[in-house]
Amino acid sequence: MENMLLWLIFFTPGWTLIDGSEMEWDFMWHLRKVPRIVSERTFHLTSPAFEADAKMMVNTVCGIECQKELPTPSLSELEDYLSYETVFENGTRTLTRVKVQDLVLEPTQNITTKGVSVRRKRQVYGTDSRFSILDKRFLTNFPFSTAVKLSTGCSGILISPQHVLTAAHCVHDGKDYVKGSKKLRVGLLKMRNKSGGKKRRGSKRSRREASGGDQREGTREHLRERAKGGRRRKKSGRGQRIAEGRPSFQWTRVKNTHIPKGWARGGMGDATLDYDYALLELKRAHKKKYMELGISPTIKKMPGGMIHFSGFDNDRADQLVYRFCSVSDESNDLLYQYCDAESGSTGSGVYLRLKDPDKKNWKRKIIAVYSGHQWVDVHGVQKDYNVAVRITPLKYAQICLWIHGNDANCAYG
C-alpha cells in the first residue's frame with residue numbers, strides 16, 4: 001500500500017484541477033538573474049551565552065495579513081536584515097555587513113495571493129495524512145535521504161556536500177543562541193550493517209599466533225574459556241541480527257552557523273519571521289545526494305498548488321515523516337499551508353518538483369523552510385497557522401553566498 005501511494009505521489013504528471021479549472025501549464029524552473037549580495041565588512045562580536053531555551057513556536061509575529069499594511073522595506077533596511085552573524089564551533093562570533101546590488105525595488109512588495117480555501121485547524125487536521133517512511137528502498141534514497149535531524153530537536157535538509165538548511169529558531173531565539181547549539185550536531189540517516197559497526201575478533205588472535213602463540217594454548221582452562229567466549233559471541237550476534245536493517249543516525253559536528261540579522265536581532269527589536277532560516281556548515285562532507293536550492297514560484301506555478309517536505313516529527317520517534325498539501329495563502333516571504341506536522345519537523349526543506357527546461361525532465365528543488373506552527377497577528381487578533389519561509393531571490397543570493405564564500409556562482413537562481 002505504501003509503495004503504491006508513493007508511486008502515485010512522485011510520478012503523477014504535473015497537471016491538476018483546482019476549483020474546477022485547469023491551472024496554468026507552466027510548471028518549469030525558470031532561471032532568472034538574482035541581485036548580488038556582497039560582503040562589505042566583518043566585525044568580531046562577544047561570544048554568545050548559549051542560554052536560550054529552544055522554542056518550536058515564535059512569539060506573536062507579523063504574518064501575511066499584517067504585512068499588507070507595512071511599507072516596502074528600503075534598500076538600507078534590506079541590507080540590515082540580510083547582514084548576518086556567524087558563530088563558530090569554538091564559541092566565537094562575527095557580524096558581516098553586506099551590500100545589495102542590482103536590486104529593483106517593486107512597489108507591490110507585500111501583495112498577497114489566496115490559494116485553495118481550506119478549513120483552518122491546528123497542527124494535525126482531522127485524519128492524520130502523514131506517512132512514515134519505513135521502507136529502506138525509499139529511506140536511503142533521494143529525496144528522503146536529504147532530510148537530517150538536528151541535536152536541538154529540529155529537522156533540516158542537505159543543500160550541498162557540506163551544508164544543511166534549517167530554521168533559525170532551531171539554533172537562536174532571536175536574542176541568544178539556544179542551549180546545545182555550541183556543540184550542535186547533525187544526524188544523517190543510514191542503515192545498520194551486518195557487523196553492527198564492530199570489528200572482527202579474529203584479527204587479535206591471528207596477531208597473537210604470529211607472535212608465538214598464547215602460553216595457555218592447549219590447556220583445559222583455556223579451552224573452557226574459549227567455549228564461553230564462543231557462546232557470548234553467539235548471543236551478541238543474535239542481537240546484531242535483530243538490529244540489522246534498522247535505520248540509525250550518523251552524527252556530524254557543525255563547523256559554523258550563519259543566521260541573518262533579520263532574525264538574530266539581539267536587543268534591537270523582535271525577530272522577523274521572514275528571516276527564520278539558517279545555514280549550517282558540517283565539519284566533514286557527506287556522500288549523499290543533496291537537493292538544490294530554488295526560488296519559490298507563485299502558487300499558480302506550483303502543480304496543484306502543492307508542496308512537499310519530510311522531517312522527524314517528535315510524536316514518531318526517529319521515524320522520517322513525509323507529507324504533502326496545498327498552499328492556502330502567500331506573500332512575498334511567507335507561505336501558509338495546512339500540512340499535518342508536529343514539533344520536530346520544523347526546519348524541514350519544503351520542495352517542489354518542476355520541469356527542468358534544458359533537460360526536459362522533472363527536478364526537485366527547495367523553495368522554502370518550514371518554520372512550524374506559529375501565532376500571527378491578523379488585524380489585531382492572534383491566530384495560529386503552519387508557516388513556511390519562502391526562498392526569494394534575495395534569500396537565494398544570501399544562502400548562495402554562505403555556501404560558496406563569494407557571489408561568483410550566484411548570478412542566476
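Yeah, the Cβs are placed from backbone N, Cα and C, and that goes for glycine too.
What you are looking at is a predicted structure, and each value in this text was computed from that prediction instead of being measured.
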Swiss-Prot annotation, N-linked glycosylation site - which of ASN90, ASN193: ASN90
Disulphide bridge to CYS170 as given by Swiss-Prot, partner from CYS66, CYS154: CYS154
Whole-number mean of pLDDT values that fall within the domain 'Peptidase S1' (124-408): 79
Cβ packing number for CYS170 (disulfide bond), 10 Å threshold: 30
Local backbone state of CYS170 (disulfide bond), from DSSP in three classes: helix
Integer Cα-Cα distance in angstrom, CYS154 (disulfide bond) to ASN90 (N-linked glycosylation site): 22
